[in-house]
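K.L.:
Would you mind keeping the following structure in view while I ask a few things?
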Amino acid sequence: MAGSPSRAAGRRLQLPLLCLFLQGATAVLFAVFVRYNHKTDAALWHRGNYSNADNEFYFRYPSFQDVHAMVFVGFGFLMVFLQRYGFSSVGFTFLLAAFALQWSTLIQGFLHSFHSGHIHVGVESMINADFCAGAVLISLGAVLGKTGPAQLLLMALLEVVLFGINEFVLLHLLGVRDAGGSMTIHTFGAYFGLVLSRVLYRPQLEKSKHRQGSVYHSDLFAMIGTIFLWIFWPSFNSALTALGAGQHRTALNTYYSLAASTLGTFALSALVGEDGRLDMVHIQNAALAGGVVVGTSSEMMLTPFGALAAGFLAGTVSTLGYKFFTPILESKFKVQDTCGVHNLHGMPGVLGALLGVLVAGLATHEAYGDGLESVFPLIAEGQRSATSQAMLQLFGLFVTLMFASVGGGLGGLLLKLPFLDSPPDSQCYEDQVHWQVPGEHEDEAQRPLRVEEADTQA
């Protein structure tokens, strides 16, 4: 299962050398450019005569903890549904997120918080770095099982740069509002991964089709990821919104949207399922679409009813996508989407962006009062109308799709370089290609008996 000796020798050197190079280069850049911000630096903080209670740590760190758990536990376990790829799903999530949060601290720092020759970091930069890592893990879901760890690190290296540029264009140059990242995180990550998967299309992947499904215990473990993501998603969307009513409203809208998407998912799953039975793939994924669809509009005056309606729509669309559109995506468009990121992040992300266009276009001083400045500062200042804001929100969606598509194409060409180690068509979705799996070298007599073998011997 490990492959030829030359292949094993290449694998032995490729990942260690790449990890050492990336970590070394990142460490040098941190030493030269990264410094504590004034809320973290001991001298600067005490020089300002601030109260410790005013430090952003006490307002932002609880949200950071929730986002961090989503990235490392939620995303990791959500992808362990593959019956023989659990080590890789959790392990590669761990690896990519650990690298992405360092690299994105630099990229986002150069774009957002670079002054006096340095990048200044604090708890908000930690949250932003985790957001970027989330986009990378969404892309991972599209190519999971068909790529090696060295390829995935190079994917992250490119994607983090493009994520940072796209985010800067939308949030700073266009003034787009996207608190929970329907565009910058979900849409970007999904379509970057889908285009990447199209470039890496494997016509002979049928040889590994028998490993692509789940078994009872792998689906159960994947539900752990679902529950973590579902519980913490209100923190994800509200982590960096304005303190006070804005953050409160964002969490509330997300909370109701997730609840409605769950009921929509159960309803549609039973409706389209065989003999009216539920499909665990739908429940694991589509129930989360409510968090995605309100990412852009959750800080706006969406209203509780609007959150429920949006969540229900996202849950139904996502479920129908898993049932009907995923097979078409592979057969007609040659996109092999392992985790169905198009259904959970792609379509709900686009719907979320369009919902943001609608809600932004309806923004008025009467509806928001003095709170308009924290949600739409340019409208409050009279620099643009609500209609102009809505049009820029829509333009931001097209910009995101452009960056994601071009980036995914470039990433695919990069990952197709012949010296990069990737599993052969017959060994995709198999942990033993990259991991030491307990029991793989045992004699047959020492292996745990399968149920049918135990019955025979009895």
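From the backbone N, Cα and C atoms, a Cβ is placed for every residue, glycine too.
Unlike curated entries, TrEMBL annotations are predicted automatically.
TrEMBL feature annotations, pasted as is:
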type	residues	note
COMPBIAS	444-458	compositional bias 'Basic and acidic residues'
DOMAIN	26-417	domain 'Ammonium transporter AmtB-like'
REGION	439-458	region 'Disordered'
TRANSMEM	15-36	transmembrane segment
TRANSMEM	67-87	transmembrane segment
TRANSMEM	94-114	transmembrane segment
TRANSMEM	126-145	transmembrane segment
TRANSMEM	152-174	transmembrane segment
TRANSMEM	180-201	transmembrane segment
TRANSMEM	213-233	transmembrane segment
TRANSMEM	253-272	transmembrane segment
TRANSMEM	305-325	transmembrane segment
TRANSMEM	345-364	transmembrane segment
TRANSMEM	394-415	transmembrane segment
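Help me understand the surroundings of these features in the structure.
P.N.:
Long-range contacts of the transmembrane segment (67-87) within the same chain: residues 93-94, 97, 127, 130-131, 133-134, 137, 140-141, 144-145, 211-215, 218-219, 221-222, 224-226, 228-229, 232-233, 235-236, 239, 281, 284-285, 338-339, 429-432, 434-435, 437, each at least 6 residues beyond the stretch ends and with a Cβ under 8 Å from a Cβ of the stretch.
Tertiary proximity for the transmembrane segment (94-114) is limited to same-chain residues at least six positions away from its ends with a CB under 8 Å from its CB atoms, namely 22-23, 26, 29-30, 33-34, 37, 71-72, 75-76, 120-121, 125-126, 128-130, 132-133, 136-137, 140, 149, 152-153, 156-157, 160-161, 163-165, 167-168, 172.
Distant neighbours of the transmembrane segment (180-201): 131, 134-143, 146-147, 155, 159, 162-163, 166-167, 170-171, 236-238, 250, 254, 291-299, 333-338, 341-342, 344-346, 348-350, 352-353, 355-356, 396-397, 400-401, 403-405, 407-409, 411-413, 415-416; these residues of the same chain sit at least 6 beyond its ends, with a Cβ under 8 Å from one of its Cβ atoms.
Note on the transmembrane segment (253-272): residues 180, 230, 233-234, 236-238, 278-279, 282-283, 286-291, 293-294, 297-299, 302, 304, 306-316, 318-320, 323-324 of its chain, located 6 or more positions outside it, place their CB under 8 angstroms from a CB of the stretch.
Same-chain neighbours of the transmembrane segment (305-325): 252-265, 267-269, 272, 279, 281-282, 285-287, 289-290, 292-294, 297-298, 340, 342-344, 347-348, 351-352, 355, 359, counting only residues six or more beyond its ends whose CB sits under 8 Å from a CB of the stretch.
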K.L.:
Counting CB pairs under 8 Å, which listed stretch among 15-36, 213-233, 345-364 touches the transmembrane segment (152-174) the most?
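P.N.:
The listed stretch sharing the most Cβ pairs with the transmembrane segment (152-174) is 15-36.
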K.L.:
Averaged over the domain 'Ammonium transporter AmtB-like' (26-417), what pLDDT does the predicted model reach?
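P.N.:
Taking every residue in the domain 'Ammonium transporter AmtB-like' (26-417) and averaging pLDDT yields 97.
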K.L.:
What parts of the chain pack near the transmembrane segment (126-145), using Cβ distances under 8 Å and only residues at least 6 beyond its ends?
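P.N.:
Result: 60, 63-64, 67-68, 70-71, 75, 79, 82, 85, 88-89, 92-93, 96-97, 100-102, 104-105, 107-108, 112, 152, 155-156, 159-160, 163-164, 181, 184-186, 188-190, 192-194, 196-197, 200, 208, 211-212, 236, 239-240, 335, 337-342, 345, 408, 423, 428-430.
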